[in-house]
Amino acid sequence: MNLNVNETLYTQISEVNATMYKVCIAIPTPTTSDGIWGGQISGRTPLKSFLPLFDLQVIVIYAVTFICQYFLKHLNFPVFISQMLAGLILGSSIQQETVVKYKLMLFPYGSQEVLTSITSIGYAFFMFLTTVQMDFSMITRTGCKPWAIAMIGLAAPLVFCIPTFLIFHTQFHGLMGYAVKDLHIVLLSQTVLSTAVIASLLNELKITNSELGRLALSSVLVSDLVTTTITSFTTALTESNEVKHLVVNLVALVALCIFILFVCRPAMFWIIKQTPEGRAVKDGYIYLIISMVLVSGWVVVQIEQDFILGPFIFGLAVPEGPPLGSALVKKLNVFCTCLLLPIFVTCSVMKTDLSFKYLSAVSSVVIIVLVIVTHLLKITACTVVALYCKMPFKDALALALILNAKGIVEVGLYNGLYDAKVITVETYGIMMLSIMIAACIVKWSVKYLYDPSRKYAGYQTRNIMSLTADSELKVIACIHKQCHISSIIDVLDLCCPTTEQPIIVDVLHLIELVGRCTPIFISHRLQRTTSETFSHKSYSDEIILTFDFYALDNPGAVTAQAYTSISQANLMHDDVCQLALDKVASIIILPFHQKLSADGEIEFDDKNIRSLNCKVLEIAPCSVGILVSRATFQSGSQVRLAMVFLGGKDDREAFCLAKRAMRNPRISLVVYHIVHKEYMPDIEDVIDKDTLEDIQQAHSSLENVSYRQIIANDGQELSAFLRDIVDGHDFFIVGRRHGISSPQIHGLSDWSEFSELGVIGDLLASTDFGIRASLLVVQQQVKDE
């Protein structure tokens, strides 16, 4: 092929024969240009210089990707589909003459090698970060179910298809010719699974923390490690022509694994020990590890393995999570995964040619049928095994679909096979299309089949109001930061635990998942009583000790159990609600997302906590309380508690909590019943009146209990009244919702800033209100009738 000057970065390229070309290139190669006009004589124009051309290519790729993503995001396509579509648009599949002319100017012959080589680094570090975030110990801790699903899912397509190839090899060869060699590669590549792909899919579906998500991650981890091991040894066999050469390669591969496991991994634990608690790992250590990743890739290439294998193995040796794993993720994620990896995907798909000049109808049909059959066999096998393990049919089918997902790892796999001329351009194009189709079908189907929040539907009554007088109160107390501990204990003290009416509190320490892809849920009672303890210091030691001492200070009245959940911020609500469901809790106590000082100043504001609170309010299987803490109670001091009662289910639930407090003589309780001057009683008002009878009776018999009826005709009058009483109390309890027809709050909702606190709660929590007291906003269990 003789190309004109605008189609190549080289001085000249001409065809010698079918497999050889003569290429002329200027030395030194023009890296930078002399500008649009200055390079006319020297030849160093922007489009003839590597760096300006690279920058322009990156800009165009991102522009096309963002345009595709803008239109696809509303249809719930996987994120990487827009990157693949950009590759199809910029590649050789579109053969319109005008478009081809400009694409040859933008991507001249010789430039894509530079683009692909640079962005391949992003793909290598993507694989490294994926294995860094893997919890390798899951292999030893997982049960039989993930192993059975993974191994049978791998074996079923192979057992069916390989004998078919052997029996009908002559017929296939007659139909496909030299392309018949691609069938085995297609079969094997469609059978294997990738942890990175499944983890990304679960993250997009927001089901990583669900039971299905955890099972899928366990299964794919087993499958990924098994297939990587088999593939590595198979590659060594196929690339070695002599037995001596084979033995040398295998010994070198095993030696590399031993060196990484017994030298590099202990060295990284030493780095962790040298890092003070709460401090970041030194940059020098990070850069040393990054260099070792590249060295490991170079070593495996020398023993005739794929470059990606080195970062994959080295990543498994890195201790996941903070401080080292999370530091590597933070350092590399933006540049490698977010910047270079999308360009790598686009460049890989740009090689796809769907212009039909290379496509054979018979070969294409055979490959397409093989892909479909492989997926169907795998889905059937995984579904049957899951059903045998007593999973519901919809969940079993959803799991099988997840384990058939394809993504970026498959793009990189086929790109490497195509560059090595192992598969034809025809097969390459079909497989790229199959990745896009499979990814979309899996995501849409799983989203339809599996809704993790449906198990939290409140068909059973789980609230404080339904408890009998001698029932124990089961509480889930969530803690994000150490400052939340004392305020949670204050709320438990308000509940007045006694041996006759004990409290069972399950404390859940919520930690954001960084540096690992597998969420962790730790029961610290099991951790202390079993021999399989964690080797590192617990993330929640202070919380465990505090609540252990609290239970010892209240023998027979308080039972405390601590848990730690390490998960993604947008999925923490699953762990909270699942624990409440398992423990048959009556109420979940959540800290407010802002930490307010005693004088009303905001000390910190965490948007992730607010998002968690809102999601828990929507799907919680029991009542929920949001705690706005300002100052903790002094030991032995009198606590001035106020309950603002307007009416409705939430106020009645909050009132039941306040009733428990009035048994404690140290707590002075005042119930403010806010009524309208000319209200018309309805059924809710009748229930409210019956509810308040207890406090009215207690008002006359107990010195520490007061009941006051306050007339407020609109929100302005209510606001003025609350402003008058805020300085006279240390703690407020209010309901979240009061009904849209309540005239007492008319006009206040227009100024509400935090809807999760309700109208009254938002008013009392406002920094402009000048309140110094803490606040608990209660929502009664949302039941599905």
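Quick reminder: no glycine exception, Cβ is built from N, Cα and C everywhere.
Straight from TrEMBL, the features:
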type: TRANSMEM; residues: 50-68; note: transmembrane segment
type: DOMAIN; residues: 64-440; note: domain 'Cation/H+ exchanger transmembrane'
type: TRANSMEM; residues: 75-94; note: transmembrane segment
type: TRANSMEM; residues: 114-134; note: transmembrane segment
type: TRANSMEM; residues: 146-168; note: transmembrane segment
type: TRANSMEM; residues: 183-203; note: transmembrane segment
type: TRANSMEM; residues: 215-234; note: transmembrane segment
type: TRANSMEM; residues: 246-272; note: transmembrane segment
type: TRANSMEM; residues: 284-301; note: transmembrane segment
type: TRANSMEM; residues: 332-352; note: transmembrane segment
type: TRANSMEM; residues: 358-389; note: transmembrane segment
type: TRANSMEM; residues: 396-416; note: transmembrane segment
type: TRANSMEM; residues: 428-446; note: transmembrane segment
type: DOMAIN; residues: 504-631; note: domain 'Cation/H(+) antiporter central'
Short question: which residues 6 or more past the ends of the transmembrane segment (358-389) have a Cβ under 8 Å from it?
145, 148-149, 152-153, 155-157, 160-161, 172, 175-177, 179, 182-183, 186-187, 190-191, 395-397, 399-401, 403-404, 424-427, 429-431, 434, 438
Is it true that the transmembrane segment (428-446) and the transmembrane segment (284-301) have 3 or more CB pairs under 8 Å, sequence gap of 6 or more?
no
In terms of Cβ proximity under 8 Å, which residues at least six beyond the ends of the transmembrane segment (215-234) contact it?
134-135, 138-139, 142, 145-147, 149-151, 153-154, 191-195, 198-199, 202, 208, 250, 253, 305, 309, 312, 399, 402-403, 517-518
Top partner of the transmembrane segment (332-352) among 50-68, 75-94, 114-134, 146-168, 183-203 - counted as Cβ pairs under 8 Å:
114-134
Per-residue pLDDT averaged over the domain 'Cation/H(+) antiporter central' (504-631) comes to what?
80
May I ask for the residues of the chain that lie six or more residues beyond the transmembrane segment (183-203) and have a Cβ under 8 Å from a Cβ within it?
78-79, 126-127, 130-131, 133-134, 150, 153-154, 157-158, 161-162, 165, 172, 176, 213, 216-217, 219-221, 223-224, 227, 231, 366-367, 370-371, 374-375, 378, 402-403, 405-410, 413-414, 417, 422-423, 427, 431, 434, 439, 442-443, 446, 517, 568
Are there residues at least six beyond either end of the transmembrane segment (246-272) with Cβ under 8 Å to its Cβ atoms? List them, or say none.
232-233, 236-237, 239-240, 281, 285, 289, 292, 296, 299-300, 302-305, 310, 313-314, 316-319, 323-324
